[in-house]
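One structure is given here, and the rest of the page talks about it.
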Amino acid sequence: MGDRRFIDFQFQDSNSSLRPRLGNATANNTCIVDDSFKYNLNGAVYSVVFILGLITNSVSLFVFCFRMKMRSETAIFITNLAVSDLLFVCTLPFKIFYNFNRHWPFGDTLCKISGTAFLTNIYGSMLFLTCISVDRFLAIVYPFRSRTIRTRRNSAIVCAGVWILVLSGGISASLFSTTNVNNATTTCFEGFSKRVWKTYLSKITIFIEVVGFIIPLILNVSCSSVVLRTLRKPATLSQIGTNKKKVLKMITVHMAVFVVCFVPYNSVLFLYALVRSQAITNCFLERFAKIMYPITLCLATLNCCFDPFIYYFTLESFQKSFYINAHIRMESLFKTETPLTTKPSLPAIQEEVSDQTTNNGGELMLESTF
């Protein structure tokens, strides 16, 4: 009987585009799906993500490390999120080459590293976003009682725990993958057998989905809902000294990234794990999962481009740094020209920004709060 094989990201089975249409070996077991479109789609999206993600996250890390003081607990979570994005982006050139050429010449080790980087980024991003959401929940709902919990030391410990968790999951999944050679063409992260799916990968996938997606999703929705409900009380805003509109922007951007990038991908992956482990045997669902997987995979990788919006709307000092640097660049552009009016110096600009921050409904506290 035909061993029907399918492709899904890091849990991809045999390459249907590199061999004649698999899945139609018998009349009784036919489920033909042509998903060869995914190679050009993945290659194009990865190229965009590589360029935009490399620029935005590199600039963000530069600002975090050299242009602003990392005083808040949330800044620690966001820095780790940027590092996770940047590490993944650095592996994308290999994936771009593979998808456009449909051949992996880089060896088994880089294949495993590439897969581990993907899992680490996807689930690390969700967990770091969850940390930010929980931190915001504590800061707004329990602004005084949470002071002993919300420390930079505790934030660093939590980040270390997240890295250990996602690296363990990513490495565990990558151990079962290897490069395969078919007709002088080498594939990467394709060729998992039914036995591997039933014995290992289905269990690893379900564990990763529960710990890395379902629990974070529940926490994000719950924390955001409670925060929104708390903000309806006028006394809350006077206690935390911040602006309601700013908090609403933070929550909106945060949840938009989570829902657009991660919910579709993990929903399809969960279905695919059930299909491959034969917990569900339905050709329509197999076709649906195989067609939708590359599309949702591309949405998931776009988180590297969207995360900088979270940095901007979450950290007040991040906005301030860009404001100051923009003025510095404007000064340098007109330095050789005779000015009609005296341009403000950098200290004056910093003082102006500081005054604006102080006067906007206690936004200075926003930095220490979020």
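Note: Cβ is positioned from N, Cα and C throughout, glycine not excepted.
Around the Cβ of Cys111 (disulfide bond), 23 further Cβ atoms fall within 10 Å across all displayed protein chains. As annotated by Swiss-Prot, disulfide bond applies to Cys111-Cys188, with the evidence given as sequence analysis.
Residues annotated as N-linked glycosylation site in Swiss-Prot, with sequence analysis given as evidence: Asn15 (among others).
The N-linked glycosylation site annotation in Swiss-Prot covers Asn24 (among others).
The feature N-linked glycosylation site is assigned by Swiss-Prot to Asn28 (among others).
For Asn183 (among others), the entry in Swiss-Prot reads N-linked glycosylation site, with the evidence type experimental evidence.
What Swiss-Prot lists as topological domain 'Extracellular' is 1-43 (among others).
The feature topological domain 'Cytoplasmic' is assigned by Swiss-Prot to 65-73 (among others), with sequence analysis given as support.
Helix, strand and coil residue tallies for the topological domain 'Extracellular' (95-112), in that order: 13 helix, 0 strand, 5 coil [DSSP]. Taken from Swiss-Prot, the feature topological domain 'Extracellular' covers 95-112 (among others).
Here Swiss-Prot flags 134-155 (among others) as topological domain 'Cytoplasmic'. Helix, strand and coil counts from DSSP across the topological domain 'Cytoplasmic' (134-155) read 16 helix, 0 strand, 6 coil.
As annotated by Swiss-Prot, topological domain 'Extracellular' applies to 177-203 (among others). Along the topological domain 'Extracellular' (177-203), the predicted structure has mean pLDDT 74.
Marked as topological domain 'Cytoplasmic' by Swiss-Prot on the basis of sequence analysis: 225-254 (among others).
Per Swiss-Prot, topological domain 'Extracellular' is recorded for 276-294 (among others).
The feature topological domain 'Cytoplasmic' is assigned by Swiss-Prot to 316-370 (among others), with sequence analysis given as support.
Per Swiss-Prot, the feature transmembrane segment maps to 44-64 (among others); the stated evidence is sequence analysis.
As annotated by Swiss-Prot, transmembrane segment applies to 74-94 (among others). Long-range contacts of the transmembrane segment (74-94) within the same chain, counting only residues at least 6 positions beyond its ends with a Cβ under 8 Å from a Cβ of the stretch, are 46-47, 49-50, 53-54, 57-58, 60-61, 64, 68, 104, 106, 110, 113-114, 117-118, 120-121, 124-125, 128-129, 131-132, 135-136, 152, 155-156, 158-159, 162-163, 301, 303-304, 307, 310-311, 314-315, 317, 370.
Taken from Swiss-Prot, the feature transmembrane segment covers 113-133 (among others). Residues 9-10, 74, 77-78, 80-81, 84-85, 87-88, 90-91, 94-95, 155, 158-159, 162-163, 165-167, 169-171, 173-174, 177, 188-189, 208, 212-213, 216-217, 219-220, 223-224, 254, 257-258, 261-262, 265, 300-301, 303-304, 307, 310, 314 of the same chain lie 6 or more positions beyond the ends of the transmembrane segment (113-133) yet place their CB under 8 Å from a CB of it.
The recorded positions Asn183, Cys188 differ in how many other CB atoms lie within 10 Å of their CB, and the one with the most is Cys188. Annotation: stretch 295-315 has the most Cβ pairs under 8 Å to the transmembrane segment (44-64), among 156-176, 255-275, 295-315. When Cβ distances are compared across the two stretches, the transmembrane segment (255-275) makes no contact with the transmembrane segment (156-176), since fewer than 3 pairs at least 6 residues apart fall below 8 angstroms.
Counting residues 6+ beyond its ends, the transmembrane segment (295-315) has Cβ neighbours under 8 Å at 9, 41-42, 45-46, 48-49, 52-53, 56-57, 60, 68, 72, 74-75, 78, 81-82, 85, 88-89, 118, 121-122, 125, 129, 132, 246, 249-250, 253-254, 256-257, 260-262, 264-265, 267-269, 322, 367, 370 in the same chain. Secondary structure at Asn183 (N-linked glycosylation site), as computed by DSSP, is coil.
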